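What follows is a set of notes on a single structure, which appears directly below.
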Amino acid sequence: MSIKMKKKLILETGEIFHGEGFGAENDTLGEVVFNTGMTGYQEVVSDPSYFGQIICMTYPLIGNYGINRDDYESIEPAIKGLVVKELCDFPSNFRSQLSVQEFFEKKGLSGISGVDTRRLTKILRSSGTVKGKIVNADADEQQVLAELKSAVLPNNQVAAVSTKGTYASPGRGFKVVLVDFGSKNGILRELNRRDCDVTVVGHQISAEDILLLAPDGVMLTNGPGNPEDVGTAQEMIRGILGKVPIFGICLGHQLISLACGAKTFKLKFGHRGGNHPVLDLRTNKVIITSQNHGYAVDQESLKTTDLEETHIALNDRTNEGVRHKIHPCFSVQYHPEASPGPEDGNYLFDEFIEMMAEFRNREPRFENQDYRYA
Ligand SMILES: NC(=O)CC[C@H](N)C(=O)O
């Protein structure tokens, strides 16, 4: 889009925001959510957990350091659109390779700038997450509103972003099976940094197939949509629990909780940003975390399970982490891999490594020898 095209964002609740389009020219419909990160827009637009969503960045200037080759969290962005106040026309950074506008054009994504994002965020905070559509300025508003009211958001989101094949990301350390529900690259990067030998598998893998790979640990990743919609994952988790150490992040955390009998629910407007304070209940320390989730684990329902709560969000006291009381299995709702955001939670990857080491010492897989030390 070379000449700036007048566009508008219409919300299901009737509010209209005028602005200028950037990227692709097509209309786009999605769930409108807001992210409060001051930087990290490249990681946000390429995080597969945002599948089907139109993201409003609350920070008023986006694009000033461009798009670079290193900060993608996935190769193909899964978002539906981006809403910003001011989009920088001339990015300046030594790593910059493309502007946000160029990136959006190349990826066929639509965005709108010049929007009063503060007003939009206030609306989302009071009415909760709503559907919205970015359309040309002359589009018929009543027609778009009717379309928005009847629009049904897809419920097979994980299937759309999970890997279609199995692949390896080699290392010389612990063998980890990473179940990809729409994983951010950051999770793989943290495991590889610790020399893990990672096999990435699709979301429908069975417990039996995981155990056939004889891993030292299983990583359950982040991913989009409602955790209740993720088909066979709960059954798979119940099949590996106690047989291999498990670490879950975000959707992975919700799936572990569901598999153990807890419940999940949709938050009014979710947690998305890079400055969410979380209390670690074991150490009584507060860490600042990177977050992106619309659902949460119901704390009351945890009481009837073998999971204990380990972390809570300090903004609204909702659950942010659990640990299994009997088996080696823990998970967090926030993003310890950061990308974008603070790295305070990074120590959890070290705890996962320790958990795998302990489990290996405790339970040699073969009676007569442990082939790893042969
Ligand atoms: N980043 C994630 O894994 C998000 C999990 C889930 N889709 C939610 O919105 O709560």
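Note that Cβ sites are derived from N, Cα and C of the backbone, with glycine treated the same way.
Listed features, source TrEMBL:
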ACT_SITE  CYS250  active site, nucleophile
ACT_SITE  HIS335  active site
ACT_SITE  GLU337  active site
BINDING   SER49, GLY223, GLY225, LEU251, GLN254, ASN292, GLY294, TYR295  L-glutamine binding site
DOMAIN    5-135  domain 'Carbamoyl-phosphate synthase small subunit N-terminal'
REGION    1-174  region 'CPSase'
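Other Cβ atoms within 10 Å of the Cβ of GLU337 (active site), summed over all protein chains shown, number 26. Counted within 10 Å of its Cβ, the other Cβ atoms near GLY223 (L-glutamine binding site) come to 30, all protein chains included.
ASN292 (L-glutamine binding site): 29 other CB atoms within 10 A of its CB, across all protein chains.
Annotation note: GLY223 (L-glutamine binding site) sits in a coil segment as assigned by DSSP. Listed in sequence order, SER49, VAL158, PHE181, GLY182, LEU220, THR221, ASN222, GLY223, PRO224, GLY225, PRO227, VAL230, HIS293 are the same-chain residues six or more apart from LEU251 (L-glutamine binding site) with CB atoms under 8 A from its CB.
With respect to their backbone Cα atoms, GLN254 (L-glutamine binding site) and HIS335 (active site) stand 13 Å from each other. Listed in sequence order, GLU31, VAL33, THR129, LYS266, LEU267, GLY270 are the same-chain residues six or more apart from GLY294 (L-glutamine binding site) with CB atoms under 8 A from its CB.
For the pair CYS250 (active site, nucleophile) and HIS335 (active site), the Cα-Cα distance reads 7 Å. According to its DSSP assignment, TYR295 (L-glutamine binding site) is in a strand. SER49 (L-glutamine binding site) carries a helical DSSP state (H, G or I).
For the residue listed as 'active site, nucleophile', the number of other Cβ atoms no farther than 10 Å from its own Cβ, over all displayed protein chains, is 30. Counting residues of the domain 'Carbamoyl-phosphate synthase small subunit N-terminal' (5-135) by DSSP class, helix then strand then coil, yields 27 helix, 46 strand, 58 coil.
Other residues of the same chain near the L-glutamine site, with their Cβ within 8 Å of the Cβ centroid of SER49, GLY223, GLY225, LEU251, GLN254, ASN292, GLY294, TYR295, are ASN222, PRO224, ASN226, PRO227, CYS250, HIS293.
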